[in-house]
Protein chains: 2
Amino acid sequence: MTQPLRIAIAGLGTVGVGVVRMVTAHGDRMAARAGRAIEITAVSARSRTKDRGVDLSPYGWEDDPVALARRDDVDLIVEVMGGEDGPAKVLTETALGSGKHVVTANKAMMARHGQALAELAEANGAVLRYEAAVAGGIPIMKALTEGLAGNGIERVMGVMNGTCNYILTQMEQTGADYADVLMKAQQLGYAEADPAFDVGGIDAAHKLALLAATSFGTRVDFDGVQIEGIEQVSLADIEQAREMGYRVKLLGIARMGEDGLEQRMQPVLVPASSSVGRLDGVTNMVIVEGDFVGRTVFTGPGAGEGPTASAILGDVIDIARGLTVPAFGQPAGTLIAANRAATAGPASHYLRLTLTDAPGTLAQVAQALAKHGISINRMRQNDHEGEIAPVLIVTHNCARTDLDAALAEIAGSPASLAAPVALRIEEV
Amino acid sequence: MTQPLRIAIAGLGTVGVGVVRMVTAHGDRMAARAGRAIEITAVSARSRTKDRGVDLSPYGWEDDPVALARRDDVDLIVEVMGGEDGPAKVLTETALGSGKHVVTANKAMMARHGQALAELAEANGAVLRYEAAVAGGIPIMKALTEGLAGNGIERVMGVMNGTCNYILTQMEQTGADYADVLMKAQQLGYAEADPAFDVGGIDAAHKLALLAATSFGTRVDFDGVQIEGIEQVSLADIEQAREMGYRVKLLGIARMGEDGLEQRMQPVLVPASSSVGRLDGVTNMVIVEGDFVGRTVFTGPGAGEGPTASAILGDVIDIARGLTVPAFGQPAGTLIAANRAATAGPASHYLRLTLTDAPGTLAQVAQALAKHGISINRMRQNDHEGEIAPVLIVTHNCARTDLDAALAEIAGSPASLAAPVALRIEEV
C-alpha cells in the first residue's frame, strides 16, 4: 500500500475547491494517517479559466467529467457536481463499472439510485461512499455503518436542512413572515434562488432516506418518505408554539414499526428545552436511538466548503487505508425492500383554530373532537379584539386520521373562519 | 473472509455480560454487516459459578484470563477486566504478541501503556482498539481517527465522567453539599465505594489523554494532564456561578499551542446556555474543533452495560471487516512526543472572596488585582448579614500566574477571612 491513492475531482464549485484546499493544507497529515499519499491527479469543471483562488495547474484537466473515469492515473473519483441524473450519474456508473472508487456528496443521486450504484460498486470491487451527502461535516454515516453497527436501531431523527432551520429560527427571533425571511436568506446566500428543494423538504428527505436505509438494513426508498415543507408554517404558529413551550422544526424521523418503515420529513413541534428544540441557525443534528447504545446525538455544520470537504476526505482516507464497508453498511443484495408503514403512530397535536367569537363555538369544537375520540390536553383562548377568536389546543395522543376527520367537521362549520392548522408534536 | 471471527471475553462484569447479550441478540445483524459471523468461543472471569443471567455453557472457560490469548480457537480478545497493570496488561501483551487482536474498554491501561501496546500490535500485525474506553457509547475515537481524520484538530473538549457530572448537577438542583450528594451517588451505584478515580478527575483524565493523542498525532501523555478533581467545588460556588449565568463542569480540554500540548481536566465555569452548560446527569459530551469541519459535538451515554457493549462490538465488527486503522489513527512510530505547554492560555476567571465588612476592603482587593494587571469585568457583593462579606468577581482575560500572585496578596491581608476561590471560565 505504498502507492499513492490518485484522486480526480469532478466539479469545482465551493466543495470541489474545498477538497483541493484541504489536500493542499493537510496532505502530510493524511498520508501519515492513511499510510500512503493522497494525490489529486485530475479535475473537471464547466469553465477551465474561472479564477477559483486555488492553483489547478498541477492537475490534469478534462472538459468532460466522465473522461475522468477513463484515465489511467485515477483510482478514485470525488463527485461534487450534483444532480440526481445527468453527468454525475454517468460519471459514477462509469467509474464504479471500471472498478474505480467514488466518493460523492450527491444526496439526490444516492437517494434515487443508491441501490443500483451500491450493487454496481460491489460487483466491480469498488467502494462507494457519501458521508458528505448527509449532515455535512458530521460523520454520521460512519457512525451508523460502523461505530453503532452492532445495534438494533430503533429510531433515527435529524434536522438536516440549514436553510429551513435558519428560516424558522429567524421567523421566531425577528417576528418576520416566512416570505421576508426567505428573501433575506437568499440575499445572504443561505437559500438558493429556487428554494423549493430546501424549503419543500426534498433535500432533507433525501438525507433521511439514506439514514433510514443504513439504520434499518433496507433498500433506500426515497419515494416512501412522507414530505411536507415549511412553506405553510406561519409566524402565528411559531409564536403560539413558543408560548406553549414548543418550537417548530423541520424534523425527519425514520422508524421501523410492525407495519413497516415509517419515514417522515415534516414541520413538527418539539419541546423548546429538548436538544432539537435548542438547535438554532444552520447547524445540523442527527439523533440515533439504538437498543444497546441508547440515545446518541451528533451535532455540527451541515454544509459549507470546509465541513463538506472534511467529510469527503474522511471517506477518501478510509479508502486509502483499504476500508471496504459497503455503501449502506452491508452488502447491497442483503438489504430488504421494506413495507411502507401506512400511517405514523399516534401523537399529541397542536391545533390552531380561527373561530367566531360567539356563544357555543368552543362547545361545538370540543364535541367534534370528542366524537372522533380526541381528548384535549390543553386549550387556550387568548384575549382578542373583534369577532375572531383564535383558539389553541394541544391534544392527547391521537391518530392523525381521526384528527383529520374531526378537523374536517370543524372546518365545515360556520363557526370556523379559516382552515384549522394542525402540527404534530414529536417526542424527541 | 468467510471464516467466523472468534472472540474471547476476559471479564464477566456488567460490560462483559453486555457483550454476551449483544452478540446473542444481534449475531445475525452483525454477520450481515461484517460479512462473516462473530462467535464467542471462550470466556474468563473470577467465578465460574456465579449466576450472571446469561448462558455461558456454549463457551470454553479459562480460570486464567491470559490463557485465552493462547487458545487456538480465539482470534480476538475483548478485555473488560480493567486495571492499568496486572492481568489485563499481561493478557493484552500476550494476545497482541501472538498476533491476536484486542478490543479493550480499559482507559487506564491505554492511557499508561497505549504507546507500547500500539507498537506491539503493529509489530505483530494485530489490531488494538478501545472505543469503549472513551465516552462510552459515543463513537468518538472512530470519528477522530477516521471520519475527521483529514482535519487539523484545534481543540478537543469533553465532559466524560458521569459520576462527576451527576454530582455537580445534583448539588445545583437540590442545594445539597458535595459530601451528601456523593453518598447518594454511591447508594445509587453511580459512584464507586472508592470514588477517588472519578471525583479526583483521574478517570476523565485518562480519556482526555487518549483523545489528545489521537487528535494531535502525539504519544499519549497521561502524566502531562493537569488534573484537578471536583472535591473542592463548593455549593456556594455552584450557586453563585448560576446566578451569574454559569454552570460548573468537570471539563477536559486539550489544545496544541505554540509552546506545546495543553491538557487540562478541571472544574471550570461555562456559560449556562452553552451545550456543555446544558449537559445534565450522567450523559457524556465530546466537542471536536477542526480547521475544516468546524465544531462538531457528540453526546451520548458515557457508561453502562449497553453503551459499552455497543462500542466494543463496533470495534469487533470493524476488525471482522478487516479494518486495520492503528490504535491512535496513525502508525505508533509516527506519533510525536509533544512538549508540555507550561501554562494554560489566559482566560476570564470567577473569584469568590470572603472579606471583612469594613470600609476600604474592596478598594484593597481592587488594588491588589490591578497591581498584577488583572482587570475586573463584573463585581458583585450581595446583601449579607454580619461581618462577613462575600464578594464575587469575574475578571477579564488574565494569566493564571498573575491571578495567583494577586490572590496570594489578598489572602495574606487581614481583610480576607477565608482562602479565595478561583475557577477558570472556559469559552466552550
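Cβ atoms are placed via backbone N, Cα and C, with glycine included.
Just so you know, TrEMBL annotations never went through curation; they're auto-generated.
Model, not experiment: these values are computed from the prediction.
A C-beta separation below 8 Å, combined with a sequence spacing of at least six in one chain, links B:Lys107 (NADPH binding site) to B:Tyr130, B:Ala133, B:Val134, B:Asp203, B:His206, B:Lys207, B:Leu210. Look at B:Lys107 (NADPH binding site): DSSP puts it in a helix. Annotation comment: TrEMBL describes B:Lys107 as NADPH binding site.
B:Glu192 (L-homoserine binding site) falls within neither a helix nor a strand when secondary structure is assigned with DSSP, and so counts as coil. According to TrEMBL, the L-homoserine binding site annotation covers B:Glu192.
The local packing around B:Lys207 (active site, proton donor), expressed as other Cβ atoms within 10 Å of its Cβ over all shown chains, amounts to 27. The DSSP secondary structure for B:Lys207 (active site, proton donor) is helix. Marked as active site, proton donor by TrEMBL: B:Lys207.
Residues or ranges marked as domain 'ACT' by TrEMBL: B:350-426.
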Cβ neighbours within the same chain of B:Glu192 (L-homoserine binding site) - under 8 Å, at least six residues apart: B:Thr163, B:Gln186, B:Asp198
